[in-house]
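*Asks:* What follows is a structure written as structure tokens; I'll ask about it next.
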Amino acid sequence: MSVEKVLSLIQENEVKFVDLRFTDTKGKEQHISIPAHQIDADFFEEGKMFDGSSVAGWKGINESDMVMMPDASSAVLDPFTEDATLNIRCDILEPATMQGYDRDPRSIAKRAEDFMRSTGVADTVLIGPEPEFFLFDDVKFATDMSGSFFKIDDVEAAWNTGSDYEEGNKGHRPGVKGGYFPVAPVDSSQDIRSAMCLVMEEMGLVVEAHHHEATAGQNEIATRFNTLTTKADEIQIYKYVVHNVAHAFGKTATFMPKPLVGDNGSGMHVHQSLAKDGVNLFAGDKYGGLSEMALYYIGGIIKHARAINAFANPSTNSYKRLVPGFEAPVMLAYSARNRSASIRIPVVPSPKARRIEVRFGDPAANPYLCFASMLMAGLDGIKNKIHPGEAMDKDLYDLPAEESAEIPTVAYSLKDALAELDADREFLTAGGVFSDDFIDSYIELKSQDVERVNMTTHPVEFELYYSV
């Protein structure tokens, strides 16, 4: 969408406010609203100054001025606001140079795509993520010096089979790990997901399907692939819609990977492929219908997977999902169709749809950083011809201990992932896509999460140790 079309859109829809949005390092959208009468063509050249020191992991107070530069092509009407509002996504620029800030996730994603094109390997990367999420009726949590707790409740939860409800307990709910694909009334979220899909399409996403997932309250909405930065933008819209539609239905939504103990967590599988001049570069005559380039791309992902974990699985909670027994792919292997492998080659109707699916990521990830790090790892694999070895077509969840010990795994904790990122960063800094400054600041920021969790007394510790 051009600047002229944006200005026309404002007039035609009697827009009252323009909401400028950007994504911080942790992956959370931030925003500032401006009266629409302040917006003209010059605004898209000059941007909006703001205080970058207020964003975690960004500027110090002594050099805090930054520029939000609106991207006219991202403009979309907000369906949730009472007054007509136009949302526009922004890049964050350094005011001295008017270049992308090296800690701005969206600028990093754009640099990754630019770097890919500069190598001559491909001109397009297509990304198709599958974020899962939970819908609950009630969530309470607190942490202070006197204690800590969390308490989740939902009508679908197995623990409510004996609960009393004012309107009566209807009894239809999924069992533990038993929620995949049942129709209503076991699936109680059909209408909510349908409403989410309609709003997503209103905001420009192309919805392909929606369904209940394996766990009580767990859902998935599948949307069509897109180019890397645009798809990351769409994931932010996806999350915004899920949160706000859930709220309107009296529910609460979360993209936290593992809120429930003893049941499956939420993943974000990321389908991806490279193309050049409209030709899918991943289609070929090698294993699974892949090209040699695609195999090298897989090799790069596997080699750098534990560093990628720092972006694809960026929470301490992520690693409560990445454990055996809950359908989470922890082994760094690839296979056609085999969902126990961390990289799968899906069955496709034609070679032009050939792609790989990286399965270890989760929806807590900042999409810009997650997708960019995977692309950079894949490009490194292509550059250095890193072959992934033999495919693993057997059930990796059921291997003998001695055999599984020979297969590399994802990182076991956020602390481990950050250490791997620190040691294995050259593939990210190629072409100046990720800077050492950003990686250092990211490690420092996420290490604060690790330290806080490690320093907080846990209720299970009372269970284990109070009577020693």
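Including glycine, each Cβ sits where the backbone N, Cα and C put it.
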*Asks:* Write down the one residue from Glu130, Glu132, Glu156 that Swiss-Prot lists together with His269, Glu357 as binding Mg(2+) 1.
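*Replies:* According to Swiss-Prot, the candidate sharing the Mg(2+) 1 site with His269, Glu357 is Glu130.
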*Asks:* Going by C-alpha distance, which of the binding-site residues Asn264, Gly265, Glu357, Arg359 is nearest to Arg344 (ATP binding site)?
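*Replies:* When the Cα distances are compared, Glu357 comes out closest.
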*Asks:* Just checking the binding-site residues Gly265, Arg339, Lys352: which sit within 10 A of Glu132 (Mg(2+) 2 binding site), CA to CA?
*Replies:* Gly265
*Asks:* For the Mg(2+) 2 site given as Glu132, Glu213, Glu220, which other residues of the same chain have their Cβ within 8 Å of the site's Cβ centre?
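*Replies:* Near the Mg(2+) 2 site, beyond Glu132, Glu213, Glu220, sit Glu130, Pro131, Phe133, His211, His212, Ala214, Gln218, Asn219, Ser266, Gly267.
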*Asks:* Any same-chain residues 6+ apart from Arg359 (L-glutamate binding site) with CB under 8 Å of its CB? Would you list them in sequence order, or say none?
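*Replies:* Counting only residues 6 or more apart in sequence, the Cβ neighbours of Arg359 (L-glutamate binding site) under 8 Å are Gly267, His269, Pro329, Arg339, Ala341, Ser342, Ile343, Arg344.
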*Asks:* Taking each of the binding-site residues Glu130, Glu132, Glu213, Glu220 in turn and counting other Cβ atoms within 10 Å of its Cβ, which one has the fewest?
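*Replies:* Counting other Cβ atoms within 10 Å of each of the binding-site residues Glu130, Glu132, Glu213, Glu220 gives the minimum at Glu130.
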*Asks:* Going by Cα-Cα distance, which of the binding-site residues (Glu130, Glu213, Glu220, Asn264, Gly265) sits nearest to Lys352 (ATP binding site)?
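*Replies:* For Lys352 (ATP binding site), the closest Cα among Glu130, Glu213, Glu220, Asn264, Gly265 is found at Glu130.
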*Asks:* Using the Cβ centroid of Glu130, His269, Glu357 as the reference point for the Mg(2+) 1 site, which residues of the same chain not in that list have Cβ within 8 Å?
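*Replies:* What remains near the Cβ centre is Gly128, Pro129, Gly267, Met268, Val270, His271, Arg344, Val358, Arg359.
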*Asks:* Could you break down the residues of the domain 'GS beta-grasp' (13-97) into DSSP helix, strand and coil, giving a count for each?
*Replies:* 16 helix, 35 strand, 34 coil
